[in-house]
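Student: Below is a structure I'd like to ask you about.
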Amino acid sequence: MSGVTAIEIPQWIQDNQEDFVPPVCNKCMFSDQLKVFYVGGPNQRKDFHLEEGEEFFFQRKGDMVLKVIEKGQVRDLVIKQGEMFMLPARVEHSPQRFSNSIGLVVERERKNTEFDCVRFLVGSSNITLFERWFYLTDVVKDLPPLIKEFYGSNEFKTGKPGKGTFACNAPYEARWTDLPVPINRKEFIYDHISEVKNGPVRIYGAPEYKTEVMLLGEGSYDLESGTVELLIWLQENTFAVVEESGFTYAMKSETMVRIKPNTKCLLNVKGGFAITIRMPA
């Protein structure tokens, strides 16, 4: 069985257009080790989410606002159309999306020792009104019951913290850190055209992140996924060929390629650029 799966992004979005508007607003492209999905709008969330993994954002169409709690203060982080952003682990965040927008989100599966938190605050403060810790397996199935519990709680009715605010001790604290600014994808490529001719260029990676996001230019690359999945995201005006286990796959621009764990392949970028993403735990 091949370790390569390729999906043409524009056609996939067109085929699933009905899922990018309320009440669904999102559609999962891949859902194994890497959770790769696109999100539409409008969707104005009231809750903040906390997790132990990192999240990669890219706004394909329109802008979004990622509400975050940065060093104890709530603020709006705007991710504009065409921008990328890597959210560090353990940072409280609340995505706010608008009509006629669509964005890519990539996150990893959780280890069985990792917990997520859904948290509601008192007004615009950073005071916790209601929170629940849980093990996330499916965001579509796991979050709605917790949100329903909040809207049926005394804390929601009174707007004040109470006996039901906390159900357990927090497994970990939110991270106290300065957040980076989003990166304009096309500007980054343009600024590194000369450098990428000599080999892959890091966009995100160590020591700041466990996730590795790399820019690849024209050329041949021996790639290995290792113990996790590897994404190859072909950019506009790009043509590439992937060879794996005796199979050859010719792929055009704006294709998302997933390489399964423990798989080796040869990527030949004939023209244009590719971005690779790996998210180890």
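Glycine residues also receive a Cβ, built from the backbone N, Cα and C atoms like all the rest.
So Swiss-Prot lists these for the protein:
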- 1-162: region 'Domain A (catalytic)' (REGION)
- R45: O2 binding site (BINDING)
- H49, E55, H93: Fe cation binding site (BINDING)
- E55, R97, E107: substrate binding site (BINDING)
- 163-179: region 'Linker' (REGION)
- 180-281: region 'Domain B' (REGION)
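Could you place these features in context, so I can see how deep they sit and what lies close by?
Tutor: Note on the region 'Domain A (catalytic)' (1-162): its mean pLDDT in the predicted model is 95.
Long-range Cβ neighbours of R45 (O2 binding site) (same chain, at least 6 residues apart, Cβ-Cβ under 8 Å): S94, P95, Q96.
Same-chain residues at least 6 positions away in sequence with a Cβ under 8 Å from that of H49 (Fe cation binding site) are, in sequence order, E92, H93, S94, D116, C117, V118, R119.
Residues within less than 8 Å, Cβ to Cβ, of E55 (Fe cation binding site) and separated from it by at least 6 positions along the same chain comprise M86, L87, H93, V105, V106, E107.
Packing against the region 'Linker' (163-179) from elsewhere in the chain are residues 50, 52, 68-72, 77, 87-92, 115, 117, 128-133, 153-155: each is 6 or more residues past its ends and has a CB under 8 Å from a CB in it.
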Student: Within 10 Å of its Cβ, which one of these binding-site residues (H93, R97) has the largest number of other Cβ atoms?
Tutor: R97
Student: With every protein chain in view, how many other Cβ atoms are within 10 Å of the Cβ of E107 (substrate binding site)?
Tutor: 20
